[in-house]
Every structure is written in C-alpha cells, then in structure tokens.
Amino acid sequence: MSSSDESSYGGGPSNVSKFPLHDVCDSPDDDVEALKKYLFLKPNGSGKKTNGFGFDDSSDDDDDDDNNNSSNNNDDDGEGGKKEGEAADPTDDPNVFILSPYINTRDDDENTPLHLAILRGNVNIVKTLLMVANDNPDNITITKRCDGSFPIHCIASLAAMAGTTEKCTSMLLALSAHPHFDHTLKDDSGHTPLYLLTLAPSAPLISTLLTLILERSGGKPEAVTEAVNARSHRTGLRPLHAAAKVGSLEAAKVLVERGNEGGKVEVNVSDSFGETPLHSAAFPGAWDVAHYLVSVGADSGKTNKRGLTPLEVASRRGLTPPAAAFDSSLPPPPPFSFPSKTKVLCHEICSSHFSCPPIVRGGMEPPPENVRRLHVLINKENGTLRTQEFNGSAEDEEGDVVWEEKCRRADIADVLRVHDYTYVEKVSRICLTLPDSPTIAQVDPDTAVSRWSFEAALHAAGSLTEAVDAIMNGDARNAFCAVRPPGHHAGPRGVVTCENDEAGSHGFCLLNNVAIGAAYARNVWRSKIKKVAIVDFDVHHGNGTEACVTALLPSQVKTTTQTPFATITSVDKTYHPWLNEDDVDNVFFTSTHGYGGRDNRVPANIGGWFYPASGPSGVTANITEPDEVARVKGDTGAFLLSQGWARMGPQYRECCKIINCGLPLPGPDAVPGMQRVEMRDAYRKKIFPALVEFDPDIIFISAGFDAHAKDSMNFGYVGMVEEDYEWVTRRLVEIANTCCDGRVVSCLEGGYKIHGKMVSPFARSVAAHVRGLVDGSRVNRGGYDQGEVDAEGEAEREMVEGRERKRKEALERQREEARRSLIEMYAKQQQAKAAVGAGVLGGRGGEGGGTEMEIEEGGGEGGGGGESPRRKRQKVDYAKLDEEIAKEEKEVKEAKKGDEKE
C-alpha cells in the first residue's frame, strides 16, 4: 500500500494539516527543499529573533504544541515606528530566518519530525534537521520518546529492513554528532540501541556504533566492553544473547572481538532465567554460533534456573545437536532449519475498508480500528512483517516466510455455515449503497463501513480458508492472516448481547473470520480434521466466536422490535452446524480477556462494564439432558426434542467445550509484575491441559494485541508485553506439535497502539507472535510438557515475589532511614529550643549553667516550690512524624512504580 500521502489512510487526499513540518518529514520524497520551507521561517515583527548564525536561540522543547503559527510568513519590513538613527532590526535581513517552533513538537501520534524522518529513512531530511544543533544543541532534541523509543532506537529498528544499512549508517553518524548523543539510552523494554542492532542483525552497523562509542569515550576501549556487556533487556539479556537468538555468527564475532579489546566479554553471563548466550544459541539450533561461543570460553555445562544445559534445551525442542556444536576442536557445523514455512496472507482490499473519513495529521482523531493498523505491519517500506527476519535478506528472497498477497475471497457457502443469511445480506446491502469514495455508514455507534468493507470482510474470511488449504496441502506448517476487519465479536446474527449489555455492538467486526476458517476445516477437510480448537487472546472476550460455537447446538433466539404502537417479540429457531450433529463434541473454544468494570473502584453497573461485559471465568459442563440445555441456553427443551438427531441419544446433546478466563483488574496493592504471571497461569493451569486433553487436529488463534500494557483500549486489564505474545504462541505451537503436526492458523483481531509505526507496541507484539510461528515451522518440534510448564510458572512467581520482597525491604530501609532522620531533626530542634531557653535563664544555674541542659522530665530533687532549673522536654509529635514518613513513602513508591512493570 502506497503511503505517499494520507489518501491511502482514508480514501481521499489530505487537505489542510496542522503539522506541515511533520508531513514533509514523513513524505517518501526525502525533499530537503520542501523541508526548508517549513523549518526555516521568515520572522514577522512579533516573531522570535535569531542569532547571528540564523537559527533561533531557543526552541520549544515542551511536549505541547506551540501556539505560534509556524507557516505564517510576513513580508513586512518591520520598520514602522523606527526612530532615526536606531540600529536596524536583524529580522529585516531577508537572509535571516527563525527556526520553526514545531521542530521538537510531537504530533497526534507522539512523533517528532525527527522520529518520522528516521522511520521513513529520509537521510537528507534527518541530516538537515540535526544540522540545526551545530549552533545550539537545544534547537533539536534527540531524547524524546515515541511509543517508548528514542530516535536512536528508531534507527536501530529500521536497520532490520533489507537494504537499509547505508541509510541507517548515515543517520547514525549524523545523530552521533549531536552533543546529547547517548548510546546507553533504553527504550520501554530496556533495549539498548546495540541490542536492537544485534537483533536486526546488522554487523556493519554494530561495528559502526562500537566505533562511535570508542570515539565518544575519548578512545577508551573499556567503554566498548562495557556496552557489549550491558544489561539490554527487561529480563537481563545482553547483546550477545540477541546475536545467538537470531543465529547471527557475524554479529556474535563483532561483539566478542571488539568487546575483548578493552576487557573481557562475558560469554557466560545469565539473564533473569539463568539463560546464557549458549542457551540462546541452542534454542533455535544455531549450531555455528554455539560452536563459536564455546571456542571463546562459553561453558556448555552451565545450567539455567530450571537445571537445563544448552544441550538439554535443544533436546527439549526436538533437536539433536551435532557433536561439533559444543566441541570447538571440531569444524563448525551449519545452523539447523527444517524446510517447512510460515505463510503470511493479506490482500490490498483490506486497506479499502475505511472506518472513518480521510485521516489527516492534526485532524479529527480516527477510531481505534483504522487502515493504519495494517500499514504498520505489511507496507514494504517499513512494515514490521517486512523485516529481514520475516522477509528474507535482499540477496535471498527465499526466507522462512511465504507471502500470499492476493488471498482469496470466501465462498458464500463457507460464510453461511456460521452466519445467518439475513445478516450477511444486510451488511452487503449497506456497503453496496455507498459510493466509491470516503463516504462511510455506521452499522452501529462503534462500527463503520464503506463501499468495499464487505468485500474486505469476505477476503479476510477467505484468507483463513486459504491458510487451511495451504497447511493441509503441505505448503506451510502454520500461517498468519494479516487482515481486517477483525471478526471475533461477530455472532451468527452479528451483534451478540449478554446480561450485562442487552444492546451489544459489532465491536468493529463484520464476519467471524476464525469461526468461518474453523468450520471450513472441519467440513471441507473432514477426512483429516475432526477436532478443531480456537484460542482467543484478545483483551476483549471473543463473544461472537463463542456465539458461533454455541450455535452448533439448536436454540431459540428472541428478537424484540419497538414500534410506535407496541413492542413485538418474535422467537426464531437457529442452528448452524459446521458438519453434523457431532460438532458439539469436536469443537473447543477458549478466551482469556478482561472481565469486570472499567474501574475497580466503582461498581460495574455504575462505572460501566469493560467491553463486551461477557465471559466470566468458567468451563462448560457436559449437557446430557434437554432440561439442562434449557437451563443453560433458554427454553429450548421442546425444540430439541422435536429434532430427529436429538432423539438419537444423550451423547449428541453435549455442549461444546468452552473455557473462559475472565481476568480481573489488579487491585491498588497488587504486586508489580504479578498480573502477567496470573495471565500465564490461566493458560498453564486451565487452558493448556484442557487443550491437550481435547487433542485437536488443528488450532486456530484469534490474535488480538490490545492486551498490551501500553494499549489504552484495555483499561488496565491483562497487561501483556511482547514477550508474553511470543510465549503463548510458542506454547500453542508445542501443543500443536504434540497433537496435530504443528497445524496452527492465526488471524489478526485487535491491537490499537500503532503511533510509533514499526516501533509501536502493536507492531512489536505482532512481530513477537509471528516470530513464535516462524520458530515453530523452522525449528521447534518439541512437544508440550506440563511438568516443564508448571516448573516455569513456579520460577516466574518466585522471581516476581522475590523482586517484591526486595522492593519492600528497600522501602522499609528507606522508612527507617526517614524515621531516624526525622527523629534526629526533631531532637536537634528541641535541643536548640532548650539551649535558647537556657540562655534566657542564664545565671540561675551558676556560671555556665545555662549552656548545658539535660533533656529530661521532672523538677529538681529538692521538690521546692520554685521553678526547676531542669527544663521539661517538649514531647515529640509522633502522629505528625508518622504522617510525614507515610507521605515520604508514598512519594518513593510512586517514583518506583514505573520500574516495577516486569
């Protein structure tokens, strides 16, 4: 999809933008002349003055937009009212300009012009922007974040795109000339730029950055060693771990050789889980990297916290390492890889589903579900799924991923296995009545459609059926469908209601893509696929998919229609079998999601339910009697008994297996990091064992990424990070390896934090998920081991609890220090007051008697009626003291809250 202008985002050309400087930086043209038009402005009489070099002495480094109009040029000579003999105003010089006040301003997506130019790869614009720092470093800041990433991290991330080494090198060199250049900056995942360059991987850029570090340190080689050994991830990974993980022998050699020049690279360093770089190399079968690490001192016998050596880690994944992998005396072996592939399916029609008018920077805020979600994933310029990791190198187009960019349109028969014809016709008719323009229509208050929305939905559903065929025909081991609109809130009749929300809504969904794909697999591939499983990890309950699954059992649906004269209620019978009456025994659905109020401080019936207000934790029981069916699904007993297949026996009246894990909001006293452990435990203790027991023939994933901790659409529920998406994908792949030869089909659902484009939480999370799929096709043949999973859970819980104990101990130490400090302060104040009082009464106690006061209660021993020479001590106000200590503790806790998200 072209992104030369904003028209591709909304169906029409951009008109007026409030951020013309940002627009130029985000243009694919790398047009410096256009940049200068908005970067260097002619001053008007009231504008900012410039220094002799022509640049503004001070630029706005505030995050808020400056109120000045950066494009307001005034050609007035400004001499009106000037007294005779007065020196000429420097702004009268036509060669003098002021610097745009928007140079450091973030746009609606939190990007500065520098972020945008870097992510677009506009080298000349980047150089021009950074040139203004030659006069004053504060003219342009390089330490603002976008979605947690600094400009230097944006360069390192772009380096993962094929053919960008030269561009990224030029931009890195230009950035390094800035006085505030800092290679130790970390993004919101704790990544250093060196770590990201190693993940890319880009050995030339790694070498360039290490050279810059050496130069900036004044030629101290130990600075390079320190950078190579630096903790570079929230879990304690180092750059060498990254080189091993991606299997880059060249990157590993650069790190070790350059790092050893100023000290010793720590080749046996462990992360938070006890994993060394050698463990990381064994995990993907990077035998050549493992061989090299052993040759430079890596210990092949070192175990992780689960007691596993690198060899045992590889064996657990179904790999058989060659002897040479851990024996440096033998020639290095090649890396291992199975020939199977991961297929990624998409279609350009999905970008013609417009959910809002044309998106203009600085204009009306678009709805969360919009065309830019796909753009950040699959555009060929900087889409996160177009990096070398998923797209092959520039020299070798045959990577681990096979792309299908013209996925097929779903046949109507495939759609009608899941949806009522009346609903399908309704959506189709709405779209057909719209003109082929940016015009949109609202299906309901939160879901909009345009002319091609229904076609986009058909192709999104068709991508699932095509993925099933590709896997069953042996063309791929697993697949990911990068499509929209999403589907998991679409039930047989579209909107799904529940007790907590009797109105319901479409939730951005039109057709249920995953349900259509699962029904297709069970029906068309009936000779090979009997059991299908659907796993939904979107933060919102997959109520539409659950409704499609429960529709495998005949039921009655009540519809209420309001008229000016009466309320009409109709009862319809509904039944959507995917194949036959055995469907109920052979379909499994599970969803992990947030369930409860939007704010746990307010009851949900007052503050509102978290969408869609359904899916409390629970597991369906086997339903063997009609009255039980009626209890669960409504008054359907009579209807069931009227059906011929229902009289065949109770085994045909069992409900499908449905497991809902409705996760609550963490309370105010929740242990930092425990939310993620609880989410993983829901899988480890409830979902994974049941899924293995079900023994599916294929697994479908509703892959929503709005559970990310930085996605505001989740209201604080679930709180996943990128590693969690890779983890759950890897575990599902292991279950698929155990049950069904690794067959997994995943489909994009939600996920809306897209502002930073390829460095956004959404893009990084999707990449982590697809990485887990690629690992499953390329290397991972390990089966699911419940004992290993349980041990992993215990280790994670202990890690979080241990960190919490340390945090509390540190707070307690700070509390005691604060208490001692305040007591000492009060004591000194009382001593000072006593000393002043003694001075006033001086002479009563004899010479020098007023200079030394005893702080104790009571009078003199004589008990006479006169005033005692020993003054009574004022009592310490311990209530006030505790109040001040509590205030100080609160401030400390707030300050540390951001660091405790692991």
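Even glycines carry a Cβ here, placed using N, Cα and C.
As annotated by TrEMBL, region 'Disordered' applies to 1-27, 40-96, 781-812, 839-881. If you look up TrEMBL, you'll see 57-67 marked as compositional bias 'Acidic residues'. Under the heading repeat 'ANK', TrEMBL lists 109-130, 235-259, 273-305. According to TrEMBL, the domain 'Histone deacetylase' annotation covers 403-755. The compositional bias 'Basic and acidic residues' annotation in TrEMBL covers 794-812. What TrEMBL records for 839-851 is compositional bias 'Gly residues'.
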**Study point:** Reported mean pLDDT - the repeat 'ANK' (109-130)
**Key:** 97
Check your understanding: Which sequence positions outside the repeat 'ANK' (109-130), separated from its termini by at least 6 residues, show Cβ-Cβ distances below 8 Å to it?
Key -> 21-22, 24-28, 30-32, 35-36, 39, 102-103, 140-142, 144-147, 149, 151, 154-155, 157-158, 161, 164, 167-168, 170-171, 174-175, 177-178, 361, 381-382, 754-759
Check your understanding: Residue counts in helix (H, G, I), strand (E, B) and coil for the region 'Disordered' (781-812), per DSSP?
Key -> 27 helix, 0 strand, 5 coil
Point to revise | For the repeat 'ANK' (109-130), residues assigned helix / strand / coil by DSSP | key: 16 helix, 0 strand, 6 coil
Check your understanding: Quick one: DSSP breakdown of the repeat 'ANK' (273-305) into helix, strand and coil?
Key -> 15 helix, 0 strand, 18 coil
Review point. Quick one: DSSP breakdown of the repeat 'ANK' (235-259) into helix, strand and coil?
Key: 18 helix, 0 strand, 7 coil
